[in-house]
Amino acid sequence: GYVNGLESAEETLAENRESGDFGSSAAAMGNVTHNGCGHYLHTLFWENMDPNGGGEPEGELLDRIEEDFGSYEGWKGEFEAAASAAGGWALLVYDPVAKQLRNVPVDKHDQGALWGSHPILALDVWEHSYYYDYGPARGDFIDA
């Protein structure tokens, strides 16, 4: 899995630093970003899927969504568009440079993110997430 891949890549980098042989470092760094982001995004996704979760946001998050997207419906429509366009993930992130929330479609775990952004919500739209229950109807999964 992603955790084992991340740990293995980190071990390779540590060994390379110790030996001074960096021939496999580029591949290991790629494995750090791929496996690290895969692990972090799946962790966030499962935290978001809490059985007691769901419904519309409240409090500070709702206030910020309304400020940055105009309304909850505006955010939701844009998030669903990101999920429909993405090959892998749709993310709601906080962009500290622009100081606002953004919806981001991401095709691979480590591509498409804004540097320095903090993911708040993740929707896994890889086929393994929905195909068993929804078949090719990804839109139905997104709507659920």
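Residue numbers in this text run from 1 along the chain shown.
Quick reminder: no glycine exception, Cβ is built from N, Cα and C everywhere.
Residue environment of H128 (Mn(2+) binding site) contains 7 other Cβ atoms, counted within 10 Å of its Cβ in all protein chains. Summarising the annotation, Swiss-Prot assigns Mn(2+) binding site to H42, D124, H128.
With DSSP states grouped into helix (H, G, I), strand (E, B) and coil, the region 'Disordered' (1-22) comes out at 18 helix, 0 strand, 4 coil. If you look up Swiss-Prot, you'll see 1-22 marked as region 'Disordered'.
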Listed in sequence order, residues with CB under 8 A of D124 (Mn(2+) binding site) and six or more positions away: L41, H42, F45, G88, W89
